[in-house]
């Protein structure tokens with residue numbers, strides 16, 4: 001088989017990278033330069049100037065390091081998006097110029113998928129749940145039905161952006177992450193908001209609260225410790241939810257924030273608690289680099305061939321789930337459930353039990369070793385208490401939930417009716433999707449948010465839907481919260497092929513609209529608004 005050599009150019013934000021890789025996965029060269037702003041964050045124009053200066057210098061450097069000539073190149077690959085518009089344009093222009101001058105084929109690739117694929121190359125992971133976290137991106141990604149799917153993402157700013165912003169505002173400098181990590185080792189916990197909405201996280205409120213603590217005079221070490229622990233606990237929890245939903249047996253960490261040893265430790269502990277393998281590429285491959293662009297270019301060229309030069313424009317908001325990825329090996333290796341459990345969710349063990357001679361299940365919110373005790377105890381107690389209340393409150397709408405037998409706040413557990421039926425993800429069809437929409441509308445009409453509506457948290461018993469697991473539930477009349485609730489369900493449908501999943505969600509919205517009432521259109525519009533937000537443009 002002929003071995004091809006690809007040169008990749010990266011420049012979505014502040015890091016310029018050029019890498020050379022062959023189709024056997026050998027890294028032949030890796031060169032890069034990072035922009036360090038004198039003050040403030042990364043300005044798109046300054047980033048573009050940085051790339052314009054360094055790309056012409058790094059290309060010959062990489063060629064020399066690889067010990068090859070320009071004629072030996074078989075393909076030019078570049079990061080097509082997502083990223084800063086001016087920066088992406090410099091990268092694309094440089095790649096086109098090089099490809100045309102050498103008469104070589106060209107291909108543009110998705111930056112986020114580049115991180116995942118180079119991570120798999122380096123670690124040997126086959127089909128992991130990946131936490132990709134950087135200055136501009138925070139996503140939980142896993143491959144399902146021919147594409148990389150985003151199971152969780154930020155609803156506002158990225159985790160790395162949160163840390164960098166805090167660093168700038170408090171005079172710690174940019175990037176903020178390394179300084180925050182150092183100061184956090186000397187700090188103690190102060191209470192900060194913990195915001196997980198279904199499979200998504202939000203960092204803007206956490207950032208604002210942390211800055212307020214600094215202005216109040218709280219020791220900077222304490223704020224750094226609390227900011228880091230809270231932000232990373234949110235990231236790991238959502239990754240854990242995706243792992244529980246997909247039942248994959250590999251967890252991978254990548255992106256610039258993976259330089260933080262505490263985040264690596266937390267994710268590794270979580271993976272081990274589920275019996276999953278933890279993977280992380282070597283540090284030089286975690287941040288933005290040209291190697292990942294070259295490697296993904298080779299993969300996509302092998303699958304689809306090169307791009308026509310007219311199709312090499314940038315895609316500033318290039319979503320991970322827009323790319324067909326049929327090359328991924330969806331192996332049959334999954335998590336193995338311990339013998340004593342009926343199920344193991346993201347935050348609870350489900351144990352077979354009984355109550356007055358009736359079949360029952362005990363939902364036990366077990367301590368999470370990756371979280372500090374202050375955060376862990378607070379979350380487990382508040383969620384247990386609220387879930388018990390919501391299980392009862394939601395019945396007023398006519399929605400079926402398990403009968404509640406006992407609540408033990410000290411041990412953070414709930415004893416409830418055992419539901420004999422089938423998980424919805426095993427039996428969903430058009431008609432059931434419509435019924436789901438009707439039932440969700442009933443719940444929302446009471447201003448109750450389920451918080452984690454997935455096909456794993458609904459069952460079909462005797463032809464009727466039963467809603468489970470209100471652990472992330474709360475009361476809210478906000479259209480945004482109701483829209484996010486529906487989007488959680490949409491993401492959980494991603495294990496089905498795109499066309500069918502889209503059809504099912506349309507049926508859900510049809511049932512929802514017919515049942516909800518006068519504000520249904522505002523909620524459905526809010527769904528579109530949330531989906532259109534620029535979460536990948538730094």
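For all residues, glycine too, the Cβ spot is worked out from N, Cα and C.
Note that the structure is a prediction, hence the values are computed from the model and not measured.
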Co-listed ATP-binding residue [Swiss-Prot; alongside 342, 343, 344, 345, 346, 347, 348, 349, 350] among 363, 378, 381: 363
Same L-threonylcarbamoyladenylate site per Swiss-Prot - residue from 156, 164, 200 joining 132, 133, 134, 135, 136, 177, 181, 260: 164
Co-listed Fe cation-binding residue [Swiss-Prot; alongside 111, 115, 132] among 249, 288, 308, 311: 288
Residue from 134, 177, 342, 346, 348 whose C-alpha is spatially nearest that of residue 115 (Fe cation binding site), among the binding-site residues: 134
Same-chain residues at least 6 apart in sequence whose Cβ lies under 8 Å from residue 348 (ATP binding site): 363, 364, 365, 366, 469, 471
Residue 452 (active site, proton acceptor): tally of other CB atoms within 10 A of its CB: 26
Cβ-centroid neighbours of ATP site 342, 343, 344, 345, 346, 347, 348, 349, 350, 363, 8 Å, sequence order: 244, 341, 364
Neighbour-count leader, CB within 10 A, binding-site residues: 134, 260: 134
Residue 346 (ATP binding site) and residue 136 (L-threonylcarbamoyladenylate binding site), Cα-Cα, nearest whole angstrom: 26
Of the binding-site residues listed as 132, 134, 177, 260, 288, the one whose CA lies nearest the CA of residue 342 (ATP binding site): 132
